[in-house]
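Per TrEMBL, the features are:
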- 200-220: transmembrane segment (TRANSMEM)
- 240-259: transmembrane segment (TRANSMEM)
- 271-291: transmembrane segment (TRANSMEM)
- 297-323: transmembrane segment (TRANSMEM)
- 397-420: transmembrane segment (TRANSMEM)
- 440-469: transmembrane segment (TRANSMEM)
- 490-510: transmembrane segment (TRANSMEM)
- 516-535: transmembrane segment (TRANSMEM)
- 568-587: transmembrane segment (TRANSMEM)
- 593-615: transmembrane segment (TRANSMEM)
Amino acid sequence: MMAVPAPTAVIPEPTRRELRAIHSINQTIELLDWDLVDKQLQKGKAYFLRDATLSEWEAYVTTEGQQLKSKNMEWIHGKLFIVELPSRPHERYIARLIIAANAATHTGLRFLDIAGAAYQTNIRRLEPDVWTYATYGHAQTLHIPRDSLDSIRTTMQTPKHLLSEWPSTAISGNDLLSSCLYSAGIVASKAGKLSPIPTFLVTCVMYLFRFIYIEVVSAIPLNGGSYNTMLNTTSKKVAAMTATLAVIAYLATGVVGAVSASDYLRAQVPSVNNVESAIGILFVFALLNVLGLSESAVIALGIFVLHIMTLLILIVGCVVFSFNNPHILRSNMQTPLPDLDICGSLVTSNVFTAVFFGFSSAMLGVTGFETAANFVEEQQPGIFGAILRNMWFLSSFFNLSLSILNLCVLPLLGPAGTIANNNIVLALMARETLGRGFELWMTIDGFIVLSGSVLTSYVGITGLVRRLACDRVMPEFLLAENKWRHTNHYIIWLYFAVAASLVVCLNGDIVMLSSVFSYAFLGLLLLFSGGAILFKVKRSHMPRDTSAAWYTYSDLQQLTHKLGVCRWKCIVALVMVCCGFLGTLLGDPTVSVVFALYFLVVGSLVFIMLERILLLRVCMFVMKSLCPSKKDKAETKSSDSSDLDEPLLQPRTGALGGRTIRKAIQAINAPPVVFFCKHMSLSLLNKAVRYVRTNEHTENIQIVHVHAPGTADPVGFADLVGVFDSMYPETKIDYVSIEGTFEPALVQWLASYLHISTNMMFIRQPDNIDAHKVSLLGVRVITS
């Protein structure tokens, strides 16, 4: 036996393919049938070597410093198979091994692949997708330049123009109070003479939601409303479903606003076609948004003040008229309750059904209440509670007043009554009390305010879809901006197309359109109240301005106030919204079908984005079966190549077009995500890794630890991260140590350094103000 000196090169780190090959082989090495080894070896990476004897190779590879044992090789039919690589292999090391053996034995060894013509079918069937495994993670220390941090701090401390209390109230209030223009008649058509009762119940429910919204939004004051709440308390899939409802709510907002505006216009110009005019209104505001003429706080405040003054004048006129004509109220109180369409059948109403279904319709009068949470980042700090207080008071006062006065001014029944003209009730009240001139003014006011709600829907949907696209819930091409006005034209025109289709589909029927709106709005409130309960349980230590109560018992109240988790308001609000949702669900089944159709359309797009890796893998599997690649033999590379870093085997997918699919999957998984970890905790790291693997498309997780200046990096932290890197072979888990102060400027620098947004950075539940400031940048809270 020829003595072969051991090479002096240290075994370097493994490559991706070698590491994944070992993982695959280790799972089945004990089960291999050596009679079929030539068919099984390519389950991982395997080589065979010619022109050598087993004894020569054993002598060479088992010398001191080499970790390759004889069990790793098998001599079959005059060929030497390496069936399991060393524990820390590397292709460069294997190549140098071959070169050293050639020089020592003069045998001219070569690397060859195992794929023979007779074994193609079996090999392709057994070969795993080695390319889907990530490389090993690594540890690194980042040093942030002081001047870069100072520049970021200066930028972040630069005063920004933020909206004060009443301009913010006006932007949301226009959307909220525009509901008064059509909700009073719709509620009366369901509850008849009992319409003030469900309207009062809605007032009580929204009083509860005031505190629910304040608690959650003050803890996470980021744009996104219900979607943002669910994203920080539940999984991304649940948050995506919430986003789907939010998209439909904005869709219905614009459509109902446009159709109602055209109805008010048609009341003065009967020749106007409400479907065509509604589509025209949607088109005009789409064009204005593309041109960059979005919502102005000053204009919104002017419209808001004008609308409130108009409604106050109407209320005063109605009060005077009702005192002079008390017989109208007496006559209305003697009318029977209107029959109800329940599941497609007309049913004689009673007090319970009138109030129940009237309540579900009356929720339409407070749509827009959630709008303030969608632009909270543009509001001055600490005013969100005051905005919700103003909105609740104004909506409660006007909805309840108009509901009562409607019974005092207009008859419920008859061709000129409320039920027959439920879409223009306020215009009829204006004509009846203050004459034709004020009716015209009321029509103009209604047209302006309702058109303003269309503009709000465009602005809102653009912001929401941009956020969803940044979170990779919607396609990223929607973020494209036109070079002229820098607006998101794809979002705007897609919204117009879908909204116009909804108008045509329901033929401009305001009752059916408002029911679609109710589905989405009530679904959002339902998920938000449920999310608030989860927020209390899972994020109880996050700083917040108030706490919405759970119970009414005094002893439990004291205990829960100490814990900051008082929850009865959440539960009552959740039950009431469930009743409203059930009432809408039991209504016209046609509306349910239309809502389900649009929900499926939007939801399908979201589903494709969330499960696109799975869908691409299914596509590859189908292509392997139907269109196998003609070049299914793995590429080889001679061991005497000058570039030893190139892989010796290039795995193929086995499908026609498989490489394109593979590149698409790798491109989707390429962007890293960051998890800021303060303590060395096995359970915390495991929760974070599992959350990322479940909710995000990535093959690289960066575990970032920030330690105070002058202190050492915790001993063993990198090794602990390495354990998880080995536990999850499909994901590369890196450890990043940064010396500095955990602050927003550091987070912004790291996001710029890694070329990712702060939306792709995660943190555990912040329990102090400094960490809470970081979460305000959009860093997602994923663990408690």
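For all residues, glycine too, the Cβ spot is worked out from N, Cα and C.
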Winner by Cβ pairs under 8 Å against the transmembrane segment (490-510), considering only 200-220, 240-259, 271-291, 297-323: 271-291
Residues from the same chain, set at least six apart from the ends of the transmembrane segment (271-291), whose C-beta lies under 8 A from its own: 254-255, 258-259, 261-263, 265, 451, 454-455, 458-459, 462, 482, 485, 487, 489, 492-493, 495-496, 499-500, 503-504, 507-508
Distant-in-sequence neighbours of the transmembrane segment (297-323), which means Cβ under 8 A and at least six residues beyond its ends: 163, 166-171, 173-174, 177-178, 180, 329, 394, 398, 401-402, 405, 408-409, 426, 429-430, 432-434, 438, 441-442, 445, 448-449, 452
For the transmembrane segment (397-420): best-contacting stretch of 200-220, 240-259, 568-587, by Cβ pairs under 8 Å: 200-220
Positions on the same chain near the transmembrane segment (568-587), where near means CB under 8 A and six or more residues out: 201, 205, 208-209, 211-212, 341-343, 356-357, 359-361, 363, 515, 518-519, 522-523, 525-526, 529-530, 532-533, 536, 548-552
